[in-house]
Amino acid sequence: MRCYYELLGLERTATADEIKKAYRKQALINHPDKNPDQIEESTKLFALIQEAYSVLSDDHERKWESLLRDYDPSQKGKSDFLSVSDLLRFYSRQCFTDYNDSEKGFYSVYRDLFVKIDTEEKMSLEIDSESLQDELPDFYTFGNMNTEFEPELQSFYNRFLSFSSIKSFKWFDEVNPMSVQDRNFRRKADKHNKKVREAARKEFNEAVRDLAQYIRKRDPRYKKYMVEQEQKQEEQKKLAQERLLKEKQARLDQAKAYTVQEWAQVDSESEIEEIFECVVCDLTFDNPLKMERHEKSKKHLENVELLRQEMEEEFVIQEPEPEIQTFECKVCDKVFSKQDQLSAHNLSKKHRNQVKQSKSNKPDPKQDTQATEKLLENLDSMGLEDQEIKESKDIAEGSVKTKKKKNSSGISCNTCKEGFPSRTKLFEHLEETGHARAVPVPTKSKKRK
């Protein structure tokens, strides 16, 4: 049997591009038209070249071609049954002469092969007590060149494309468990032999399945069946399109033949003309398309925006301002929105230095009391309500309070008219600027107790 690699002049490691180039080269050289003096020989050789390219360009079939060259049957179990090496010989165009029913033809060669496979399965069922099943599936013959693909040939391929042998493959056993009386040894030997048998069964099953796929791909009856199926699909598709066109035409004819009933007819004189009005631009249109174009115009969009702004200004609702919770450090005169920020600030070096400086600059309590009394007298003269002044706790700690936004015109300085949100801020302002001393004190004043 001629090697396909040698036929195309390739190495075993050839790539797909190298295989394609080698095939084109050999096809040009050995084409029958190029060899008119040896037409019969060149025709056979050209058929082998085509088969070689078909096998080597298919990764799955190329694997079996390599196995055929490297397979060593002497290393496998010996029996009268078919082996993988026997099946590998049929992965070649050279195992038959032509696609006919002659003794060496395509149909006769592969029909005899599958009959033998099925016969061995039946024999194993009868003589081998370790067979995996008690019965075999129905057998369908490979047929001849006139056999139709459906239904018999299709059933044949379905069986062998999912083939699973019932043979035990016990002739692959490498250890005889009965040669030693040691129970542990026999148990290990049985386990090892079972593993070897499963590997042999798997290899044989894959060889039969792949061979069935290889044959079906080249079976002229299968090719003819696939062409017929494609033609049927095209015909069905064409019929479906024609049916849709007929239904569409029938609907059009029905629409044309429709006549309006007298009670549904309206005199043209009594018809009411529909008017389309744009309230924003104060315009009217007699056509919906004109109205649609107008709504997309720049002038209309500008008028809509102006109207929207006017309505917002007219109907705007003044909502009460929400209370904002803040965290204040009185020492550094800073306000924070989160407690974590205030805590981090109190631990900072800058804050600690400010605390030390404020303690060193703390005024005399007596002087502070006198200044406070003067401020209270001035405030009483301004007509401010008497409120209790709370002294801050630890000067190193920030106090948390809730600020409410108020009208700044409620408390103001009589000298500069500047407004303050609280009396504390007013005290600080009077202390810094000295505006309290500039205010004339009336004769009657209420002193704070």
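Each residue, glycine too, has its Cβ placed from N, Cα and C.
Between the listed ranges 32-86, 197-251, 307-361, TrEMBL ties the annotation coiled coil to 197-251. The domain 'C2H2-type' (411-440): residue composition by secondary structure is 11 helix, 4 strand, 15 coil, according to DSSP.
Remark: secondary structure over the domain 'C2H2-type' (327-356) totals 16 helix, 6 strand, 8 coil, with classes taken from DSSP.
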